[in-house]
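Participant: Pasting a structure below so you can have a look.
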Amino acid sequence: MAQERVPPAGPEGPPRRRGRQRYVEKDGRCNVQQGNVRETYRYLTDLFTTLVDLRWRLSLLVFVLAYALTWLFFGAIWWLIAYGRGDLEHLEDAAWTPCVNNLNGFVAAFLFSIETETTIGYGHRVITDQCPEGIALLLLQAILGSMVNAFMVGCMFVKISQPNKRAATLVFSSHAVVSLRDGRLCLMFRVGDLRSSHIVEASIRAKLIRSRQTLEGEFIPLHQTDLSVGFDTGDDRLFLVSPLVISHEIDAASPFWDASRCALERDDFEIVVILEGMVEATGMTCQARSSYLVDEVLWGHRFTSVLTLEDGFYEVDYASFHQTFEVPTPSCSARELAEAAARLDAHLYWSIPSRLDEKVEEEGAGEGAGADKEQNGCLPPPESESKV
């Protein structure tokens, strides 16, 4: 049995590890398939949604079959009525009153069925008043035909007006970055809208997907953790007219609080970002999704500016939408950075009184030998009582 060959390590080091399987693709498709679903009848209880969720080629096939089978079914019944009454045997008898005039075979019955259900009414084939079963069938086909029209046209309308394609013009940056903002480490990514019609009430969310094990030993393969992108401050509600950089501050509540640059590169996770809002043109809710793997998070980078001020308007250069550049960024974790800042503040706090003491002592040493000295900015003690 042949063994799998492992490629040798190149000059840059050992071969890279196998990439993580995406939970959400870059274009927003969820990489999950439902298997071993035994209760398939549940799909039929919501037949409308099932038909809307079908692929276009299957939807068109169902659309054509729904009408064709209905026409064939009622055409066969019209032919059976004509055959049962003997109309096909008295085609040349002028004194005979048939159920349907000029119905001389199955093809004619099929065409009459189409004319009845679609209310075309060419006038060549007409039902007579001497056929009560034909009148009942006419009423039944008119009612059922209207129901089929409403159902199938409704399905096609909803499928055509679905805002899925609108999400294709909502773009996310190809990489996420980690850098300093106001002295704190932040995880950032950029979103933009390519259309002139905007997304109303836009909001952004971010989820961290990675495996974890509980204290009891339970293994959770795709555990979801919220990444705060401004829910408490309202920064998650966007006015998405121009591209925006969404920031997640790595604080004590962040799952990346203890992650340094090296630890982040060794970690295995996926960040799923979700942008939701209403399409301005139709008022329908739209959702766009994307994700970032570990190797798509750039430490020590910042996004290139894409907005410039022109003569009377702002211009967005989407050619630079995905571009980043390196900036000086510490490689330590956010916890270590915060502790170092706290130690520096404490050192400055205690060093200021010490320097004041030194300054006071220097001023006191310059005075005469009999002068009273102030210590630490305090007043000198009161003079002693007169000697006895």
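Positions of Cβ are set from backbone N, Cα and C atoms, glycine also.
Below are the features I grabbed from TrEMBL:
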REGION    1-21  region 'Disordered'
DOMAIN    24-163  domain 'Potassium channel inwardly rectifying transmembrane'
TRANSMEM  58-81  transmembrane segment
TRANSMEM  135-158  transmembrane segment
DOMAIN    170-340  domain 'Inward rectifier potassium channel C-terminal'
REGION    359-388  region 'Disordered'
COMPBIAS  379-388  compositional bias 'Pro residues'
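Set these features in their place in the structure for me.
Facilitator: Each residue in the domain 'Potassium channel inwardly rectifying transmembrane' (24-163) gets a DSSP state, and the totals come to 87 helix, 4 strand, 49 coil.
For the transmembrane segment (58-81), the list of distant contacts is 51-52, 99-100, 103, 105-106, 109-114, 116-117, 131, 133-134, 137, 141, 144-145, 148, 151-152, 155-156, 159: same-chain residues at least six beyond its ends, Cβ to Cβ under 8 Å.
The predicted model assigns the domain 'Inward rectifier potassium channel C-terminal' (170-340) a mean pLDDT of 92.
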Participant: Who are the long-range neighbours of the transmembrane segment (135-158) in its own chain, taking Cβ under 8 Å and residues 6 or more past its ends?
Facilitator: 48, 51-52, 59, 62-63, 66-67, 70, 74, 77-78, 81, 113, 116-118, 127, 129
